[in-house]
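Features of the protein shown, as given by TrEMBL:
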- 1-23: signal peptide (SIGNAL)
- 23-316: domain 'Plant heme peroxidase family profile' (DOMAIN)
- Cys33-Cys113: disulfide bond (DISULFID)
- Arg60: site 'Transition state stabilizer' (SITE)
- His64: active site, proton acceptor (ACT_SITE)
- Asp65, Val68, Gly70, Asp72, Ser74, Glu86: Ca(2+) 1 binding site (BINDING)
- Cys66-Cys71: disulfide bond (DISULFID)
- Cys120-Cys312: disulfide bond (DISULFID)
- Pro162: substrate binding site (BINDING)
- His192: heme b binding site (BINDING)
- Thr193, Asp237, Asp244: Ca(2+) 2 binding site (BINDING)
- Cys199-Cys224: disulfide bond (DISULFID)
Amino acid sequence: MASHALILLQIIVLSSLAATAFSLSPYYYKNICPQALPTIKTLVEAAVYKERRMGASLLRLHFHDCFVNGCDASILLDPSPTIDSEKGALANQNSARGFEVIDEIKAEVDKICGRPVVSCADILAVAARDSVVALGGPSWKVRLGRRDSTTASRTQADIDIPSPLMDLPALINNFRNQGLNQRDLVALSGGHTIGFAQCLAFRGRIYNATNIDPSFAKERRATCPRTGGDPTLAPLDSTAARFDTAYFNSLVKQRGLLTSDQALFSGGSTDNLVNTYRLYPQVFRKDFAQSMIKMGNIKYLTGNQGQIRANCRMVNN
């Protein structure tokens with residue numbers, strides 16, 4: 001009986017240690033490669049200095065990665081006979097960008113560390129944080145230790161990445177499926193305080209919506225015709241290169257660019273949060289940081305799961 005109890009205790013202890021060992025930590029690379037995070041920061045700052053829009057693009061890559069089978073860098077995999085690349089998904093095709101910046105970061109980090117020890121999934125998470133900071137947004141401690149997937153799913157990406165055409169119930173359900181609540185929905189949507197959207201994504205709103213400021217619709221129609229011009233860009237808010245609360249101010253004025261943006265302030269359950277973030281920027285910054293940490297915890301791989309890719313665009317042989 002005593003030996004049985006001892007074995008049971010050992011199993012519990014080992015299970016506990018395994019769970020601890022495989023938990024993400026902001027200090028994961030402290031001893032493995034202490035120069036990894038400063039290197040990522042330097043390269044992200046350089047990329048954003050060169051093109052302010054890149055900050056929003058890198059943030060979006062992390063978002064679109066995490067929403068499809070977790071934060072595992074599957075979005076970075078190129079198509080191959082065995083990879084159904086997520087780059088071909090509706091939300092990513094001719095839209096997702098910043099892959100070359102991630103490639104540059106990966107190459108430099110592996111050089112600094114002496115070998116591939118930093119996962120592409122962690123690079124995406126850190127690059128997203130550093131991009132937000134570079135554009136005047138909040139910082140947060142990124143939890144690290146993710147590993148990279150060996151698969152991708154364009155089909156799943158088409159299902160899981162929220163559409164710019166979604167109404168509020170669809171958005172709430174989409175985020176709930178990822179373990180995220182309405183506060184996370186509004187806070188993370190606030191990431192649209194930086195960046196641009198293509199005409200294809202907002203054409204229906206500026207020509208057909210009734211909950212839109214007429215002067216704003218007219219302004220956007222000038223560069224987004226009823227037909228043609230699909231890739232033409234428009235800013236998601238009036239200060240697209242600065243992380244602030246202009247996005248929420250625009251929603252209150254019915255100047256949200258995307259249908260999914262304006263859905264957050266259309267007489268529904270998220271109206272109060274939009275007003276809170278508009279009036280209290282410090283609350284938005286705090287909630288955004290917390291929701292980014294929460295999103296970064298979606299179905300990550302650790303331990304012996306997945307791999308640390310040598311090239312973010314392909315699975316190791």
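Note that Cβ sites are derived from N, Cα and C of the backbone, with glycine treated the same way.
In TrEMBL, annotation is done automatically, which means it is predicted and not curated.
Location within the structure of each feature annotated in TrEMBL.
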{"residue": "Arg60", "record": "site 'Transition state stabilizer'", "Cβ within 10 Å": "23"}
{"residue": "Asp65", "record": "Ca(2+) 1 binding site", "Cβ within 10 Å": "30"}
{"residue": "Cys66", "record": "disulfide bond", "Cβ within 10 Å": "29"}
{"residue": "Gly70", "record": "Ca(2+) 1 binding site", "Cβ within 10 Å": "19"}
{"residue": "Cys71", "record": "disulfide bond", "Cβ within 10 Å": "29"}
{"residue": "Glu86", "record": "Ca(2+) 1 binding site", "Cβ within 10 Å": "28"}
{"residue": "Cys120", "record": "disulfide bond", "Cβ within 10 Å": "31"}
{"residue": "Thr193", "record": "Ca(2+) 2 binding site", "Cβ within 10 Å": "29"}
{"residue": "Cys199", "record": "disulfide bond", "Cβ within 10 Å": "19"}
{"residue": "Cys224", "record": "disulfide bond", "Cβ within 10 Å": "23"}
Inset, instruction - Give, as a single whole number between 0 and 100, the mean pLDDT over the domain 'Plant heme peroxidase family profile' (23-316). - result: 97
Legend entry - Entry from the binding-site residues list Asp72, Asp237, Asp244 having the most other CB atoms no farther than 10 A: Asp72
Inset, instruction - Could you check which of the recorded positions (His64, Thr193, Cys199, Cys224, Cys312) sits closest to Gly70 (Ca(2+) 1 binding site), going Cα to Cα? - result: His64
Inset, instruction - Determine the Cβ neighbour count for Pro162 (substrate binding site): the number of other Cβ atoms within 10 Å of its Cβ. - result: 20
Inset, instruction - Find, among the recorded positions listed as Cys33, His64, Cys113, His192, Cys312, the one whose Cβ has the highest number of other Cβ atoms within 10 Å in the structure shown. - result: His192
Legend entry - Whole-number Å value for how far Val68 (Ca(2+) 1 binding site) lies from Cys199 (disulfide bond) (Cα to Cα): 24
Inset, instruction - Just jot down the residues in the same chain as Ser74 (Ca(2+) 1 binding site), at least 6 apart in sequence, with C-beta under 8 A of its C-beta; none if empty. - result: Asp65, Val68, Glu86, Ser149, Thr151, Ala152, Ser153
